[in-house]
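Encoded as structure tokens, the structure appears first; notes follow it.
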2 protein chains.
Amino acid sequence: MSLDKFFDTVNQDQDNYVAKLKEIVAIPSISCVAERRADTVRMGEWIIAELERLGATTKRVEPGTQQLDGQTVDLPPVVLATYGTDPSKKTVLIYGHYDVQPALKEDGWNTDPFTLVEDKEHRLIGRGSTDDKGPVLGWLCAIEAHQKIGLDIPVNLKFCFEGMEESGSEGLDAIIAAEAEGYFKGVDCVCISDNYWLGKTKPCLTYGLRGINYFGISVKGPAQDLHSGVFGGTVHEPMTDLITLMASLVDSQGRIRVPGIMDQVADLTDAEKKTYEGLDFSHADLHAALGGAKTELHADPQDTLMHRWRYPALSLHGIEGAFYAPGGKTVIPSHPIGKFSIRTVPDMDPHTVDKLVKEYLEAEFKKLNSKNTLTIICGHHGKPWVSSPDHWNFVAGAKAVERVFNCQPDLTREGGSIPVTLTFQDALKKNVLLLPMGACDDGAHSINEKVDRRNFVEGIKLYGAYFHELAAVKTE
Amino acid sequence: MSLDKFFDTVNQDQDNYVAKLKEIVAIPSISCVAERRADTVRMGEWIIAELERLGATTKRVEPGTQQLDGQTVDLPPVVLATYGTDPSKKTVLIYGHYDVQPALKEDGWNTDPFTLVEDKEHRLIGRGSTDDKGPVLGWLCAIEAHQKIGLDIPVNLKFCFEGMEESGSEGLDAIIAAEAEGYFKGVDCVCISDNYWLGKTKPCLTYGLRGINYFGISVKGPAQDLHSGVFGGTVHEPMTDLITLMASLVDSQGRIRVPGIMDQVADLTDAEKKTYEGLDFSHADLHAALGGAKTELHADPQDTLMHRWRYPALSLHGIEGAFYAPGGKTVIPSHPIGKFSIRTVPDMDPHTVDKLVKEYLEAEFKKLNSKNTLTIICGHHGKPWVSSPDHWNFVAGAKAVERVFNCQPDLTREGGSIPVTLTFQDALKKNVLLLPMGACDDGAHSINEKVDRRNFVEGIKLYGAYFHELAAVKTE
């Protein structure tokens, strides 16, 4: 069946889609701070309204409350929706998230992060444009285009959109477990669009993800910050202890110094090594993504991909409670909290990682003979995930890519973590496909986050084509 | 001569003085950020108006411009003033500063930092209350009280109030040098009230200060912040290099690890050691100032004072450009700048300290084999200072303390730096006395900065008594 009419409609209506993206980027749905919780809930309600406008039936699930910034706040709703219930059709469950990372103009954005702008290169710039509001909206636009030309969607759709992905998907796992035999009953496969192409031009299907363990190192000394002139040299400074501990975690070649971490990493087989040979990736792509910096750790591009996809990494993110502004404040911070995370891979176990990190840091702290008080905060977890790219769900995805982009997709893994992938796989026992919309240089979590207009528009076509290929693909 | 009438007047009018302090605390004259420069200038203008209302003649000196937060801004004015020109009287030059450190409610203040509040213990809480708006205002209140009762001030007063003390006193040195034989001609001694009592009950005169060298360690990698999932393990992370370098500066026992720094410290003589024996100081005072934390580095209180006054210290203040908020952002900062400073003592030379630090950090960075770019930023300097407590200026100060507080003052040094002290001594070749108003627990540069009402009110009396003792003291 030709999809030309559908594709034409998406082309014609693309400005409407971009206007809608602008409308939702303007809602600062930052899930990690209490003061933006109302905006995050508002974003969830926008999606419910849009789904209902399109004729879906929706169910708003309240995951409960959390402690955040010293207060008890409601978690944002998980939006469930059903579009089509024909028992003769396959049913695909689509997941996305409507919350975003923090963003401040002062961080270095060229434009206001919450005002979507399009530049000369047709980049649509704004927080959430690619992570993950663009993809979430894309699915809805694909439905709208079908309705406009009276084209039947040949699969049943179920949706699950959450507002806590950037903050550990709090509350979601319990809902998925509870609905596995309820709202999600009858789902045949799952599709998630929340990652990125390997390069800037060629689409991919993704079958593996790293997990994450997030940590805080809290070192508490005096009851309040001190003047370094008055107290410097006379007290155990919490920052000195903290910085020493942070420095003990990883070296400048990226090697994790916590004993036992690397022992858990699955061996690289020859067969696996071979899969890296055909991939469309060079260090020129990496350098471009780094804005021209040639600061790669590994000489061989395949090593770079392996260290992104199948080896763990430890990143130091920053310090809460220390001086962070421009200028020269002479303060001894009383209670700094260092933040870092470990990207995890098969066969690492999150609880073992927590235990190893905690034991190591406590032992290192003991060596310091400090009178300050150490607390290791084990934050959110996401397990690593690897799937089979031979499953019919991936075959349908590959055919959809061929129809829209006229090429075979790369088969990739990802360095980032989308913990819900594994949650769906474990709870529903169904195959999960990651089908990204954005390109490698979109800058998710960074300043000047963008999605290219091409990726957004062709992504909507890809989602529609995927519906049709799913309906057609053989499941044996 | 009895000063009872003066003291009574100060007691009676104290609420007016506190109301004035509240008025000027409300002006957020933060000198280290461009966006508060207009407020800083406004604060200088408030002082000019107040001096003129009291009958002083004033001179507003513009120190020029500076580069701040990416723009060229005017430096706040240096306010010079003369009150009395009787050639038969001694002339004392009084210095203070009207700028303050940054302060945000979110830093942990119990109340708005720029709204002075008085709590049940009669603490006057607000940014600048003790550092240094309380003392600056105190001098003006002492004049006002004299005028009210028609009491002659038996010395000529000259004032020098600046608005850049918290930012390296930029522009001031040139003005002092230029006015040494001009506006400051005829000055017999100098008095500065910008430090603190050793304890909470007993006043002191201060004859020594540590200096400061402030540094930034800039490590630059990619052009923008990166997502740690996508890039973790594949690039040299600037934070890893930065944290490693920061950890190489000082150990958890407060020992400075930069070679050559300790070699410059003047030896402790037996005579000097003896002066530490009679001081009113115990670790209970320190613990109180730490809000109950017992995190002292040294077992002996005398060692604590020596490490505050006559040994150098290195404090790590924080990191600009990294993640600093609550929550769990998974960012690889692209260009973090670590901030630290060294408190310096005789016979350390600021330029030698800069050189040693720069060479050491560059050598340490080389060992890391990193592809990132290091820049060491040598910030503002203040040389250490030691004076003679036998000078008549100190004798007058001690007698004034006796009249107001009925006790002999402690003779102390200070751990903090007031670079202008040495500038005045070098430029005018006159003795400089530090005569503090605030107590050891005032929390300058910290959250909930305060001055006790008792210190503020008795401080005003002390300043007035000092005028009279100065007039009476023999200068041979």
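Positions of Cβ are set from backbone N, Cα and C atoms, glycine also.
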Same Mn(2+) 2 site per TrEMBL - residue from A:Asp39, A:Asp188, A:Asp194 joining A:His97, A:Asp131: A:Asp194
Mn(2+) 1 binding, same site as A:Asp131, A:Glu166 - TrEMBL member from A:His445, A:His468: A:His445
Site-mate of A:Asp194, A:His227, A:Thr330, A:Arg343, A:His445 for substrate in TrEMBL, selected among A:Ser167, A:Ser370, A:Ser387, A:Ser417: A:Ser417
Integer Cα-Cα distance in angstrom, A:Arg343 (substrate binding site) to A:Glu166 (Mn(2+) 1 binding site): 15
Chain B neighbours, restricted to the recorded positions A:His97, A:Asp99, A:Glu165, A:Asp194, A:Ser417, by C-beta under 8 angstroms: A:Ser417
Between A:Asp131 (Mn(2+) 2 binding site) and A:His445 (Mn(2+) 1 binding site), the C-alpha gap once rounded to whole angstrom: 8
A:His445 (Mn(2+) 1 binding site) and A:His227 (substrate binding site), distance between Cα atoms, whole Å: 35
A:Glu165, A:Glu166, A:Thr330, A:Ser417, A:His445 screened against A:His97 (Mn(2+) 2 binding site), Cα within 10 Å - retained recorded positions: A:Glu165, A:Glu166
Rounded inter-Cα distance in Å - A:His445 (Mn(2+) 1 binding site), A:Asp99 (active site): 12
A:Glu166 (Mn(2+) 1 binding site) and A:Thr330 (substrate binding site), distance between Cα atoms, whole Å: 34
